[in-house]
């Protein structure tokens, strides 16, 4: 009895150590490619200094050499912000962060003025954000201006002023007037206090450091967890005005804790599984499409990789699908969250078992071989017990004592692996049987690996039997996800039947006497198809194996009719056949000389018109001599000429609507100028008569 209890305890402890960790990949080239698109400046610049800093920081962390050419324009904004006395604390903070990357030329007098202003702001600060921007800016000034002495004389007092805003559960308030506490504010506060410690003129009271360490431990006690082993921080009050999403909140806490652990001694003693869980959460996001989320993810991962507390190591696989046909090797890679090489270590397979048989192990306590050139830990030969299907492998990372104090591995990691292979299809046979299951002689062997088509005939008193065997490359029985026999009538009515199996053999027997109603009494030719498929089966197939000519009884009057077949959308909505018109043969045309003679006769009326004008003595004596009337006369005659040209164009190429539209404008124009010139002629004629 005692031995059984001990065994149960060991099993429970092992299960807790393994957990339900999901496999995630470290930062890869996929992130670097996406960074170019996410952080591409619009119009050659970013919308704010904050966005500029986030872009520059992310691109540097990912070690992307090609950076946007924004230095000249951005440095102008940075220098203007630093030199202006009216700049807000946040603007100064963002400008100094950007200046840390671009190294804009700034006088030491400017840094001195900024330092004096920030020290004064720290003394009168009352909110957490004021402390955060002021202290953070002083830290940046100290880093960028080596000739400017930056130190806080009353660091203990400032530390206490910020610590007043802390709560008993590890969260913080933004100000004493705001009763709501926030996890995001806790991250800002811890980062700010880390700045106070780094700027302190003398050592901070260790009791204050100890209290803050306890607050951080309490904060980690309230961390949220997913079932896959990921940990994250979230706000308690979702509907508050200062609410931040889980990624922003987690990022703020990680930045704060990392900054604080880098400036104090003794460590924070945070659980390594939670550090690794935070890394899993950030990597599990994938590649964010939003610039803010992208920055928070990469910046947080960089903080985890560079922290002094515990650097998480990520175990990942290039592929979770291995082929037995091509003898793929099981490869495992261990690296940091940003893809940097891991320290010397050993990767061991603690246990491997089939997903359908968890009690039987196929491999145990097997160390993987490390290849320094590729960086992979490899299992060269798969155990004989591994066959086509789904398996769970439990991996463990073993470090030396010195590395264990630096890196977090998270204990054991379960990985779902899928082994695929080409399934052997043997002994395929199709036959027509009498009602007493005796063979009628219509028996055919099928080679499903090649084209094999048979022609069968049967009546409603007979049966059709199809059988075949499926075996894995290891010779074991294989049960696919689907095995269907399909009968398709020449009218496109389709019937699908499941082929059941027992062990290696699969068989189906169709009794046509019992199926006549389901076949709608449709005699004629039925095409036979066999479909066998599985995710682990590399040679899944849908194969036509022949046809059967069925002779069924006539359909009774009240029998069910075949369902209407769906209309093929291509035939209904696709392109129609081209319509070819047969035009009437053209009439026989007259000779070319006769056509030219007729064309000449059409010009005779114009010739007679011109001769008539000459005989009548038409002249231009009454053409106006004054400038304005002469102009209207010219415009009138020009308008008439334009109408004649329009008629010619209508005859040659213009359509009726275009001609009428243009003629309308010309008509209005002729009406106006014609009225003016005729009025002038009428007044001139009246003056001559009166004279």
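Cβ atoms are placed via backbone N, Cα and C, with glycine included.
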Which listed span TrEMBL calls transmembrane segment, if the choices are 567-587, 630-650: 630-650
The domain 'Ribophorin II C-terminal' (583-683): DSSP-derived helix, strand, coil residue counts: 78 helix, 0 strand, 23 coil
Tally of DSSP helical, extended and coil residues in the domain 'Ribophorin II second' (313-418): 4 helix, 61 strand, 41 coil
